[in-house]
Amino acid sequence: MSALSRWLLIPPVSARLSERYQGYRRHGASPFSAALGCLWTILAWIVFPLEHPRWQRIRDGHKALYPHINAARPRPLDPARYLIQTLWLVMISSTKERHEPRWRSFARLKDVRGRYHQWMDTLPERVRQKTTHLEKEKELGHLSNGARRFILGVIVTFSLILALICITQPFNPLSQFIFLLLLWGVALLVRRMPGRFSALMLIVLSLTVSCRYIWWRYTSTLNWDDPVSLVCGLILLFAETYAWIVLVLGYFQVVWPLNRQPVPLPKEMSQWPTVDIFVPTYNEDLNVVKNTIYASLGIDWPKDKLNIWILDDGGRESFRHFARHVGVHYIARTTHEHAKAGNINNALKHAKGEFVAIFDCDHVPTRSFLQMTMGWFLKEKQLAMMQTPHHFFSPDPFERNLGRFRKTPNEGTLFYGLVQDGNDMWDATFFCGSCAVIRRKPLDEIGGIAVETVTEDAHTSLRLHRRGYTSAYMRIPQAAGLATESLSAHIGQRIRWARGMVQIFRLDNPLFGKGLKLAQRLCYLNAMFHFLSGIPRLIFLTAPLAFLLLHAYIIYAPALMIALFVIPHMVHASLTNSKIQGKYRHSFWSEIYETVLAWYIAPPTLVALINPHKGKFNVTAKGGLVEEKYVDWVISRPYIFLVLLNLLGVAAGVWRYYYGPENETLTVIVSLVWVFYNLVILGGAVAVSVESKQVRRAHRVEIAMPGAIAREDGHLFSCTVHDFSDGGLGIKINGQAQVLEGQKVNLLLKRGQQEYVFPTQVVRVTGNEVGLQLMPLTTKQHIDFVQCTFARADTWALWQDSFPEDKPLESLLDILKLGFRGYRHLAEFAPPSVKVIFRSLTALIAWIVSFIPRRPERQAAIQPSDRVMAQAQQ
């Protein structure tokens, strides 16, 4: 390069060009790219007057106007990138100038939109105020009960007839489109309206569209002339029918959540009943169990009416010694049949309380647990069971591996936040094995905890309901525990739940037998159907491959009609679920959860349907560590297989697009879009299988709690506790931190009007942020510390309202990012031979993306970018 430039150019220009070449090389450009960059520079100086002030201003704004082009490290096709970006800048600049006045009119539309939203937000309250006088009046009050029931029956009958006509009426494409526009317009009108009316209206609209879709699928979309297409189409129709049934049952289940509130206890404590607290354990570490016992000892309940029992199925001497030391009862079985259910039933022979509260050994109850739950038992004598949420202060594998802890609702939030509350409306609340209180008399009547299935909790509540007893659910978290530490343990737990619910379906089917109301039967049925999602989910993940690989028409209809039926069905269901479930499950996350579990719950549920007695009980491990970040290749193997299968479908789809019949082009495009969506979801499943490092034995809990620290010299400083664990705390001193690392200080915390002192040592000081490690505590101090932290009545209730509002489009974008993240992890942890393929694909995608124009960075707005571009056009 140097010799050639000296031969062709005068010395000053040659030296300048050589200096530029060396600069390119220092910034990482290859010799070819550096030489080509110099050549493009020469041509640019020849063609354009780059020394002119106008061009100098453009060059000064290079980073803002051309953010994706590195001028210090040229690439061979940079001129093409400059050309595309310049045309883009000219286009958006002229568009902005042309449409600037119109935005003022759009501001008026925005103002009208804001007023409409305000009007809709206040509509329910205005209607309530206008109709208050009607609450005491009954339009049909002069009629007998029989006449009123007859009129209601006539109304329901005519409504069903109209609904049937609406669902089954065939439309041509234009009529179907207009019908959908009307429904969509109504949905957009009511979706922002607060209160339950809007949710009910959205459910009606969603059911209308979905029922029309399923009717159309059964009557118009099966190819009876092609056996392969017929078989594949029936398989997909089976999965869609399952999804439709779950959708309908789900709407019924949560249509009117009860939101039960506590009932005050009698002021006279002598009327309070006796309670036994059971803490069953098998192979958990003693440190996991201690906090639960310490919290139980501090529950606000008369000590002579409270007995705490450690039910140790491991028969460990350390647990016996601990129980004796803290003053609680200890029971160890000589035989271990029926696992946890047998352990509890054995303890029932020894305990004599009127009620029994059950906590898993890692679930730490709050001090208010019994005061919040027991009032309902005294009010309703037929109430047999009160369930509270299972709240977790540690992230589950989805939250930890994806970095979403306390950013999006976790997998269980929907069940404990909405579904159980909806069940409560229909008197169908399930016993969940922990964080619950059961009345002894009904429990003894059914022979104790059910032992016939591995989900003894749900089966027990089913038996109680069959006996005519009621159940209740209170959505306020009154205990918190440890989530599963690894994805494999999480999947193992879900396998047990799935198999157990299917066992109940086979052995004690809620649809049959006496004692249950129709609503209870439907709620139990939906719970069992939920765990049968494995096979339908796998069908959805592979369905488009039937056409791409086998040329089978799984939906035998024109692409236009498919779009007019499928898209509204999905959009209305998503919109309705976002309205109903938004606080508890963000849009599209169910796809990730079900995909991760599908492969693993499909075989055991299928086996349980055939042979419900096959299989064994497994205990979910808690409190483990993940020493290093790694991909669980065993768990992720099915996802990778499905990814490869879908990539094969992409290749087949590309071939069909270019070489297949022209009349199938739209069908190929629709199938490829479906495949790409499946690949995104599978990428998310792969991302979950990358186990993040977890080296803390004691999980930190975020909180905002006032406190104080006292130095040994007597100086006192107020502070705010922002996190705590079983071994230490993080605090923020209100003012300048006047403590040193290694210094011993006392931490002062309040519970009610009582103040407690805990010895600590400073282990970290960063500004006014201080890390404290607890010094060895006495048993009394440890109990007090748990009472001031884990067992505070308000610790967990504040977490429920901390999640952001669900926005379906933003949630979809999160899922897309998550899918790409999964493939990036595959490239990161793959064997060297596979890494080459991933790196090549990544490089190819990055090269293609580098040509896409970008919006100018914000710095360009500081300079008059429109004027600069106008100068470039001159």
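Backbone N, Cα and C atoms are what each Cβ position is placed from, and that goes for glycine too.
The transmembrane segment annotation in Swiss-Prot covers 30-50 (among others).
The transmembrane segment annotation in Swiss-Prot covers 151-171 (among others).
What Swiss-Prot lists as transmembrane segment is 173-193 (among others).
What Swiss-Prot records for 230-250 (among others) is transmembrane segment. Residues of the same chain lying 6 or more positions beyond the ends of the transmembrane segment (230-250) and with a Cβ under 8 Å from any Cβ of it are 206-207, 210-211, 213-214, 217-218, 221-224, 522, 525-526, 529-530, 532-533, 535-537, 539-540, 543, 546, 550, 552-556, 573.
The region 'Catalytic subdomain A' annotation in Swiss-Prot covers 271-364.
Taken from Swiss-Prot, the feature active site applies to Asp313 (among others), supported by sequence analysis. DSSP assigns Asp313 (active site) to coil in the three-state reduction, placing it in neither a helix nor a strand. Every protein chain considered, the tally of other Cβ atoms within 10 Å of the Cβ of Asp313 (active site) stands at 20.
Under the heading substrate binding site, Swiss-Prot lists Asp360, Asp362, citing sequence analysis as support. Classification of Asp362 (substrate binding site) by DSSP places it in coil, neither helical nor stranded.
Look at Swiss-Prot and you will find 441-501 tagged as region 'Catalytic subdomain B'. Per-residue pLDDT, averaged over the region 'Catalytic subdomain B' (441-501), rounds to 92.
As annotated by Swiss-Prot, active site applies to Asp457 (among others). Secondary structure from DSSP puts Asp457 (active site) in a helix. Less than 8 angstroms from the CB of Asp457 (active site) sit Phe430, Phe431, Cys432, Gly433, Ile449, each of them six or more residues away in the same chain.
Per Swiss-Prot, transmembrane segment is recorded for 525-545 (among others), and the stated evidence type is sequence analysis. Taking Cβ pairs closer than 8 Å, the transmembrane segment (525-545) reaches residues 232, 235-236, 238-239, 242-243, 245-246, 249-250, 252-253, 430, 458, 497-498, 501-502, 504-505, 510-511, 554, 594-595, 597-603, 605-606, 642, 645-646, 648-649, 652, 671-672, 674-675, 678, 681-682 in its own chain, all 6 or more past its ends.
Here Swiss-Prot flags 547-567 (among others) as transmembrane segment.
Taken from Swiss-Prot, the feature transmembrane segment applies to 592-612 (among others).
A Cβ distance under 8 Å defines the sequence-distant neighbours of the transmembrane segment (634-654), meaning residues of its chain 6+ beyond its ends; these are 487-488, 491, 538, 541-542, 544-545, 548-549, 595-596, 599-600, 668, 671-672, 675-676, 678-679, 682-683, 685-686, 689, 826. Summarising the annotation, Swiss-Prot assigns transmembrane segment to 634-654 (among others) and lists sequence analysis as the type of evidence.
What Swiss-Prot records for 668-688 (among others) is transmembrane segment.
Residues annotated as domain 'PilZ' in Swiss-Prot: 694-790.
Per Swiss-Prot, transmembrane segment is recorded for 833-853 (among others).
A contact links the transmembrane segment (547-567) to the transmembrane segment (668-688), because at least 3 Cβ pairs that are 6 or more residues apart lie under 8 A. Between the transmembrane segment (592-612) and the listed ranges 30-50, 668-688, 833-853, the one holding the most Cβ pairs under 8 Å is 668-688.
Among residues of the same chain six or more beyond the transmembrane segment (30-50), those with a C-beta under 8 A of the stretch's C-beta atoms are 1, 5, 17, 20-21, 24, 56, 59, 73-76, 78-79.
Note: the CA-CA distance between Asp313 (active site) and Asp362 (substrate binding site) rounds to 15 Å. According to DSSP, the secondary structure content of the region 'Catalytic subdomain B' (441-501) in residues is 31 helix, 7 strand, 23 coil.
DSSP assignment over the domain 'PilZ' (694-790) gives 10 helix, 54 strand, 33 coil.
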